[in-house]
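As given in TrEMBL:
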type     : residues                                                               : note
ACT_SITE : GLU222                                                                 : active site, proton donor
ACT_SITE : GLU419                                                                 : active site, proton acceptor
BINDING  : ASP121, HIS161, ASP169, LYS334, HIS339, THR381, ASN420, ALA421, ARG452 : substrate binding site
Amino acid sequence: MALTPCSSTSFISKKERKNYRTHDDISSMICFAKINPSSCNLKAKSSTQDVQFLAPNMEEREKLHGLTSSTHSNNSSPKVPVFVMLPLDAIAIGGNLNKPRAMNASLMALKSAGVEGVMVDCWWGLVEKDRPLKYNWEGYNELVKMVQANGLKLQVVMSFHQCGGNVGDSCSIPLPPWVVEEISKNPDLVYTDKSGRRNPEYISLGCDLLPEIQVGMGPCGELRYPSYPESNGTWRFPGIGEFQCYDKYMKASLAASARAMGNESWGRGGPRDSGQYNQFPEDTVFFERDGTWSNEYGQFFLEWYSRTLLEHGDKILGSAEGIFKGTGAKLSGKVAGIHWHYNTRSHAAELTAGYYNTRNRDGYLPIARMFAKRGVVFNFTCMEMRDGEQPQHANCSPEGLVRQVKNATRIVGVELAGENALERYDGGGYAQVLSTSRADSGNGLSAFTYLRLNKRLFEPENWRNLVEFVKNMSEGGNTRLPECDSSRTDLYVRFVKKSHEKKTAEAAVV
């Protein structure tokens, strides 16, 4: 779950603003011109130190200005603002802002590129670390001031899951110690598969009604079950995953639903023929072409499994709506882009994650309706992926999945925002996002968040591609990007101070 303050009005004093040199204080230009490195006096240090660059002369500055100058577009499509995800460890384990000087320089660079704002995870394991209701906002307060001072907007992801063990996780941030202690006393508080394997990433939605249990949308901040855990090699792409309904609270819920249907035998656990994490649909009786998923029992189970997830999401978003109503914040909920086995009848990987989407049923319309009911933006991933880039044996169709989600959100009239699922720096990935951002095949994007701010993003060709991408998105998707990524070059970043051209300006990247 994410929230975005809609207002750009500053709520910090002018005195506090002067703590940071911003894009307005320094007319910062990001330079990736193909020049002799010796002419720019580049001085690189270790990742824990600053990186310094001498300011270019005025002639060079005029040449560089063309990189960020605005142009008029003939495209009538609306502007799509671009946000950039900050590093997962933007806030250090101690609760302070990580590498503040580097962060400020990076924010200045993003502002100069025309980026709308940034996204940061607000980790439960950092903010409420010591005990219930004792909060440490120190690092986040400093980040908010820094983002505001640089004239950027901020998206905050309420991350009630642990960090570590998933795709792209570069650090480890566990749940609060007092939560982990409670889980050790009662292991049924977390999701459990049919083999009894516990998943400590996120508290089971079966605990939603228990006292003193606070939960977010789901693992990785997404509304889904943790059906494909990568930690310890449990799951590998493109496995179908496993149903996560074997903690005592989920089993009690299933049993109650089966009794209400008048068939108690259906409530004695999940499907016994649904296979294991790394199998394919045709390897199982449940997910094969005309398998158990399509009979009366399969429909009952999948209805219950997906409905329970939707009810969980509705509770969380309802609570958030009550908390943030009237604050000017815009709420969004994230849904995973599970594109593997999409071209099969059963859509097995989506089913185990809780999305009841099959060849005969649209599983994203109910989610879109729930988001629309709460006035929440539908945030979807895998916007950069193309079918032709995927392995044939995985039966993937990210493009088909995105089209389905765009259509579902258009039907119910809910805003759609997007993200890239994996790190991409090449023109081909950006071109695909530009294509999917348009409204010609369903709902257009209201915003796009790029994953993720890191050192590689600031490599010359990668940065050029990002700047061009942001420019194109602001013009409504006028694609002029290359189709491949050939970046393997050194970084040139320089900051020009108006009245002191020869004075060295400090810069660093996260």
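Glycine is no exception: its Cβ is also placed from the backbone N, Cα and C atoms.
Distribution of TrEMBL features across the structure.
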{"residue": "ASP121", "record": "substrate binding site", "Cβ within 10 Å": "23"}
{"residue": "GLU222", "record": "active site, proton donor", "Cβ within 10 Å": "24"}
{"residue": "HIS339", "record": "substrate binding site", "Cβ within 10 Å": "26"}
{"residue": "GLU419", "record": "active site, proton acceptor", "Cβ within 10 Å": "22"}
{"residue": "ASN420", "record": "substrate binding site", "Cβ within 10 Å": "22"}
{"residue": "ARG452", "record": "substrate binding site", "Cβ within 10 Å": "19"}
Key: Rounded to the nearest Å - Cα separation of GLU222 (active site, proton donor) and ASN420 (substrate binding site)   = 14
Note = Cα of the residue listed as 'active site, proton acceptor' to Cα of HIS339 (substrate binding site), in Å and rounded, measures 14
